Amino acid sequence: MRLYLNVFYSQKNAPNSVVSNIISSSFNDRLLQALQCRNNSRPPVWLMRQAGRHLASYRALREKYSFLDMCHNPELIAEVTLLPIEAYQVDAAILFSDILVIPEALKVGVRFEDKVGPIIEKPITNLHDIEKLAMPEDLTSLEFVKEGIRCLQPRLNVPLIGFCGAPFTVASYMIEGKTSRDFKKIKHWMYHEPQGFHTLLRKIADWSIAYLNMQIDAGVHALQIFDSWANTLSYRQFQEFSLNYLKYILKGLKKDIPLILFCRGSSVFGPDLASIKPAAVGLDWNCRVKRMRDVIPYPIALQGNLDPDLLYAPLPKIREEVNALLDEMEGDRGFILNLGHGIFPDVSEEAVRTLVETVRERRG
């Protein structure tokens, strides 16, 4: 921990890029150091979906509020974001929200059903549906996110990660209408209406840029883009329908703030993600991180990549696997320990605590 002046080194390696806002001397900047590949102590640890249903404190709130009510209430956004910080002392907070707030702002109707997941009430079925989607000229409908970030600022002693969904993943929900097993509808658009599909992706990307810039202005310290369904794409499809729009978003951010790109399929697409020069690439659990370092050199950080199912294992096995990954990445100044995807809802808090404590017990 140290006095941190919110100094963010450019993703193009321009070390004099400075963002203001002085943070107190108790601020834990370990994640930000790792995102600059300058961390000389133990790796930072945070976990995707760390503020979720596996926490008893979260489930208690869900008994009082719907998921969307919690996403729309700035005080609840702040409260839920802080739950894993208080429970586990992880090295970063990730904003409590959902990747479907942009489709909600686009008025396609979003609801969440228990044991089903997100449902799009008015899915995209034709070109006219795409043409009707508004451009991001007014972000008033997302003001609750900005206010949630502002509620968090005085209460955090770790970096806050803002996020959005990648255009391809968000479009998948908007076209399929819900989580899909085969993605036939979106593949139909790719092959039969590619230009219309590109129009949709561009609109989502423009909304994503405006939304992420709003989060930057509100005070987040880093960003992550989730491309959860990229693993359904062929290599050429990934280049055309995902990577191009991630690059477009990266260029549209108004400040040199660290950006983590995570996609399912990063064991294949990782070098391509690195080619557009984010601060970090998030890896799924199907690759060996050390080998990815051979093809993704400094100054790009690597984040990941424990199997999420590890958290169902006996506690000694969790410690063993965490220590094996820490040993493998020993001395890597740009390594961030995380899962290869989000925490499952029925995982025990004891398992998560064991993972985090194993990292925190490392020297430094």
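Every residue number used here counts from 1 along the chain in the order it is shown.
The backbone N, Cα and C atoms fix where each Cβ goes, and this holds for glycine too.
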Given that Swiss-Prot lists Arg49, Gln50, Ala51, Gly52, Arg53, Asp98, Tyr173, His341 as binding substrate, which residue among Ser141, Ser208, Ser228, Ser234 does it place in the same site?
Ser228
Using the structure shown, find which entry in Arg53, Asp98, Tyr173 (the recorded positions) has the sparsest Cβ neighbourhood within 10 Å.
Arg53
Residue, out of the binding-site residues Arg49, His341, whose Cβ gathers the largest set of other Cβ atoms within 10 Å
His341
Give the maximum pairwise CA distance in Å, whole number, for the residues Arg49, Gln50, Ala51, Gly52, Arg53, Asp98, Tyr173, Ser228, His341 listed as binding substrate.
23
Looking at Cβ-Cβ distances, which residues of the chain lie under 8 angstroms from Ala51 (substrate binding site) while being 6 or more apart from it?
Tyr58, Val80, Thr81, Leu83, Pro84, Ala93, Ile94, Phe96
